[in-house]
Amino acid sequence: MPRYRPGPALLVTAAFIGPGTVTTASIAGASYGFALVWALVFATIATIVLQNMAGTVGMTRRQGLAEAMLGIAGGQAGRIAIAALLLVALGIGNAAYEAGNIGGAVIGLQLVLSENAPSKTVSILLVALLSVAALLAPNRQILTTILTALVLVMSLAFLATALMGGIDLPAMAQGLLPTIPDGTTLSAIALIGTTIVPYNLFLHASLARQRWNEADAHSLGEMRTDTISAVGLGGLVSIAILSTAATHMFANGMAIESPADMARQIGPLAGSYAPYLLGIGLFAAGLTSAITAPLATGIILAEIADSLLPRTIAKSAIEKIVAIVIVLIGAAVAISGTSLIAIIITAQAANGLLLPLVAIMLYRLRYHHNEIEIIVADNRLVKLAGLAVIAITLLLGGRLVASSLGFLG
């Protein structure tokens, strides 16, 4: 395996360890202890498989994933259908979810600063301003450096919180055995679903293509090492969050509804610094997602525009305009407190359809094009892992659609 150097996969970690993941892992740990650790391990491995395929496709085809998907869509009608699904699931959806990303960062800021924290509106504007400033960085390397630093801060904060209070290692080891106790099915699926994020595949394909100019064996090896290391770190952070809640909340019979609840209750149990570390972690998680979600949306919509529309605006300009608009929408929604339930439900349904479609098309792009197979040939086990992940995405997609239609709680 090539020597590790931080690369674009850390932005994938920045994207999937957001307020949603922190909340889901916290509640799962507080509600079921270590019983669902296996789900996070499973999700991390599946994410590595998918992100590796996305990076390989981006590097070998010299295209973004949206461009590549539209290229094999089979006619104009198919291209328009896929573009529309991407627009609803990732364009409109990420605009709606951005308020939650910003809100998560604000909660973290308030936990750290306590009574010295600025008002909610000022905090929202501050997070939005930081996000826009990062997105307007003069080159992608500066943005990558900023996000890498934030990911390291976030990781250290959550890992330190877990270690400060101690972890019941025998109970954690038992949680590695796949079991689904009564009432945990939806939580297990939610933990997997919050880790396997569709827009991260598009983000990684684009960033890997830009990072490595050639798709030779050495560059592809570096990309794989980067993917395994960065996504593995993200999985470890998720497990640390779940473990903190399992050790201190579940073991003491304490229920929580959000990471903020855990931060307020954990001080007497894990030490006075624990709430501040959790706050720092939540702030970094919210801010990184508030940056990466608009970034990915800009990349995806720019690729769609470049593929389907006359080229009148530079692709990079479209990326930045879309990204900033997403941040502004998120900030406005967070300040107003407007409910976007109908939009979010629609986006969830679209994501449910999109996730398995992307996984299937990604597998086809990776393994059914001779030019890629000539450059890098995977063994049968890796290909079978890809098929297994497709089956997982079908399960997750069905759950998202069923949930959005009201068939699941």
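A Cβ is built for glycine as well, from the same backbone N, Cα and C atoms used for every other residue.
Sequence annotations record features per position, and here TrEMBL assigns transmembrane segment to 34-59 (among others).
Residues annotated as transmembrane segment in TrEMBL: 80-97 (among others).
Distant neighbours of the transmembrane segment (117-136): 102-103, 105-106, 109-110, 143, 146-147, 286-287, 290-291, 294-295, 298, 320, 323-324, 327-328, 330-331, 334-335; these residues of the same chain sit at least 6 beyond its ends, with a Cβ under 8 Å from one of its Cβ atoms. Summarising the annotation, TrEMBL assigns transmembrane segment to 117-136 (among others).
The feature transmembrane segment is assigned by TrEMBL to 143-167 (among others).
What TrEMBL lists as transmembrane segment is 187-207 (among others). Proximity of distant same-chain residues to the transmembrane segment (187-207), defined by a Cβ-Cβ separation under 8 Å and at least 6 residues beyond the stretch ends, is recorded for 8-9, 11-12, 15-16, 20-21, 24-25, 27-28, 31-32, 36, 39-40, 42-44, 46-47, 50-51, 54-55, 57-58, 63-66, 68, 89-90, 94, 140, 144, 180, 227, 234-235, 238, 242, 292-293, 295-297, 299-300, 303, 351, 354-355, 358, 362, 392-393, 395-396, 399-400.
For the transmembrane segment (228-256), the residues of the chain that approach it from at least six positions outside its boundaries are 4, 6-7, 9-10, 12-13, 16-17, 21-22, 25-34, 36-37, 40-41, 43-44, 47-48, 51-52, 151, 154-155, 158-159, 161-162, 165-168, 171-172, 191, 195, 262, 265-266, 269-270, 278, 281, judged by C-beta separation under 8 angstroms. Taken from TrEMBL, the feature transmembrane segment applies to 228-256 (among others).
A Cβ distance under 8 Å defines the sequence-distant neighbours of the transmembrane segment (276-305), meaning residues of its chain 6+ beyond its ends; these are 11, 14-15, 17-22, 64-67, 70, 83, 86-87, 90-91, 94-95, 97-98, 101-112, 127-128, 130-131, 134-135, 143, 146-147, 150-151, 153-154, 157-158, 160-161, 164, 199-200, 202-203, 206, 241, 244, 259-260, 262-263, 266, 313, 315-316, 318-324, 326-327, 330. Positions annotated as transmembrane segment by TrEMBL: 276-305 (among others).
Same-chain neighbours of the transmembrane segment (317-335): 91, 94-99, 101-103, 106, 120-121, 124-125, 127-128, 131-132, 135-136, 290, 293-295, 297-299, 301-302, 305-306, counting only residues six or more beyond its ends whose CB sits under 8 Å from a CB of the stretch. According to TrEMBL, the transmembrane segment annotation covers 317-335 (among others).
Taken from TrEMBL, the feature transmembrane segment applies to 341-363 (among others).
What TrEMBL lists as transmembrane segment is 384-408 (among others).
Residues 8-9, 12, 16, 25, 28, 65, 68, 168, 171-172, 174-179, 181, 184, 187-188, 191-192, 195-196, 200-202, 204-209, 212, 215, 219-220, 223-224, 227-228, 231-232, 234-235, 238-239, 242-243, 246, 359, 362-363, 365-366, 372, 376, 382, 385-386, 388-389, 392 of the same chain, all 6+ positions outside the transmembrane segment (34-59), place their C-beta atoms under 8 angstroms from a C-beta of that stretch.
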